[in-house]
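Asks: This structure is in structure tokens; I'll ask about it shortly.
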Amino acid sequence: MPFRLLVPLGLLCALLPLHHGAPGPDGTAPDPAHYRERVKAMFYHAYDSYLENAFPYDELRPLTCDGHDTWGSFSLTLIDALDTLLILGNVSEFQRVVEVLQDNVDFDIDVNASVFETNIRVVGGLLSAHLLSKKAGVEVEAGWPCSGPLLRMAEEAARKLLPAFQTPTGMPYGTVNLLHGVNPGETPVTCTAGIGTFIVEFATLSSLTGDPVFEDVARVALMRLWESRSDIGLVGNHIDVLTGKWVAQDAGIGAGVDSYFEYLVKGAILLQDKKLMAMFLEYNKAIRNYTRFDDWYLWVQMYKGTVSMPVFQSLEAYWPGLQSLIGDIDNAMRTFLNYYTVWKQFGGLPEFYNIPQGYTVEKREGYPLRPELIESAMYLYRATGDPTLLELGRDAVESIEKISKVECGFATIKDLRDHKLDNRMESFFLAETVKYLYLLFDPSNFIHNNGSTFDVVITPYGECILGAGGYIFNTEAHPIDPAALHCCRRLKEEQWEVEDLMREFYSLKRNRSRFHKKSMSSGPWEPPTGPGTFSSSENHDQAREKKPAKRKIPLLSCPSRPFTSKLALLGQVFLDSS
């Protein structure tokens, strides 16, 4: 008997009271300029409070006006907020923070750090800031974007994570000690997202530094997850990285799984990789077949497809934005409107929401100022121009200010039912929530560039194009310019070709045909078949020897079409309405 959802009428309750800039009786949409300034004021209230009360700790505690370390003692909020400063137009503060980070951040510390969080927040934040440095007026060194202090910091942080990938499966541990590597007693159980959320940052790092180790380990981890899916095409929530056995077998699109699916799509667009997109589209079929009910997505048993949890999680609200990236706009809007009704009911998204009952789940009533629904609104507004999406932005600004704003920043909402607050402001509030809100209300922002303008950059490896648009946001909303991946490639490819020819020459002395076919063939990347050791740069030569013959990828030049139209083949939505 099919499972049906009974959404109560109480879900469709009244909006918060109308404010200046909100739609009036004539149906006018919120005024973007008004809300853009409101969002900017939100950012500086939170950012200044962090600097005054919490720096150099990771995060602000807004109720006690002090700070604490949460993810590794990196001054994390400062790293996470850096590219938001530029998006808001503050180049002078961007420049100052770059200097502060170079002087104060140290990764050679005895700290157990989340591999996932360090990657998306620290590596991703530093890479994005590195690629935006010239636009922010930072005096870059010769060879940029293929060199630079922020790039070296990102590489150092990423190398600290590589020991986590030294497992029989190639899937990483969830935690690593930045000084000593993986602790002997570390649990081998890692969530799916903690395994599959590296390709955006690590492929970018490999492209900029020329060291393939980062992209290689990320691809191996993705492939091992793909090979571990069930017969009906679903993946579970947690897996043992030593044995490859699923520990938590709940399948869905939310917490513990979410950014794995996100990175298959974004990795496909960033790298123009058809294999990654094909993997996601296969997953998408299984997700529609087994987890989707009335435009909601539930949790099911990964082997049987039977419903295990009829709940909506706030982290699932990224899904409509992801659907828009593959061009599935109608389904994306229907699901978005379901999620928006929950926001209207509470003035935020509770962590868990019981769909049949139409109410929060016990002990999951909080809203830590997450960005996911706002993120989807931003993507969908770029794709459709539907003013309903601006209304969500208005509601978010009004409710966050009304409920969450305190003297020292913005506090996590502990309970949406009575608006009790918790003493934490997570770094993603400045990295994601404020950023997506601002971009929703700022259609002329450089992030939305449609390819009509761009910068020509001369590097030691030739000429390349930057700033043409089509930015790929990592899952912490750090934008990566996809064109940058082509800026540091040509000389290294030519170097590999020379080395291939030399190896072939000497091999021919022993066996004239042994390596000829291998060195002259072309084809898609295939992952290593067994576990590898990726702990030092000396493996660079080994990785290069295993490197299959390369597809010839020309450097970008002045495009005959807008740059983003090339990405539109894989669903890129950062195009204007024309």
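Cβ atoms here come from the backbone N, Cα and C positions, even for glycine.
Taken from TrEMBL, the feature signal peptide covers 1-21. Feature annotation from TrEMBL assigns active site, proton donor to Glu117, Glu351. Marked as active site by TrEMBL: Asp258, Glu372. For Thr475, the entry in TrEMBL reads Ca(2+) binding site. Here TrEMBL flags 517-561 as region 'Disordered'.
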Asks: Would you mind listing, in sequence order, the residues at least six apart from Glu351 (active site, proton donor) in the same chain with a Cβ closer than 8 Å to its Cβ?
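Replies: Non-local contacts for Glu351 (active site, proton donor): Gln313, Ser314, Leu315, Val361, Arg364, Glu365, Gly366, Tyr367, Pro368.
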Asks: For the active-site residues listed here (Glu117, Asp258), tell me which residue's CB has the most neighbouring CB atoms inside 10 Å.
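Replies: Neighbour-count leader: Asp258.
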Asks: Give me the long-range Cβ neighbours of Glu372 (active site): same chain, 6+ apart, Cβ under 8 Å, in sequence order.
Replies: Ser314, Leu315, Glu316, Ala317, Tyr318, Gly321, Leu349
Asks: Report, in whole Å, the straight Cα-to-Cα distance of Glu117 (active site, proton donor) from the residue listed as 'Ca(2+) binding site'.
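Replies: With the alpha carbons as reference points, the distance is 10 Å.
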Asks: Return the count of C-beta atoms lying within 10 angstroms of the C-beta of the residue listed as 'Ca(2+) binding site', excluding that atom itself.
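Replies: Its Cβ has 25 other Cβ atoms within 10 Å.
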Asks: Taking only the Cα atoms, work out how far Glu117 (active site, proton donor) lies from Asp258 (active site), in Å, as a whole number.
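Replies: Between the Cα atoms of Glu117 (active site, proton donor) and Asp258 (active site), the distance comes to 14 Å.
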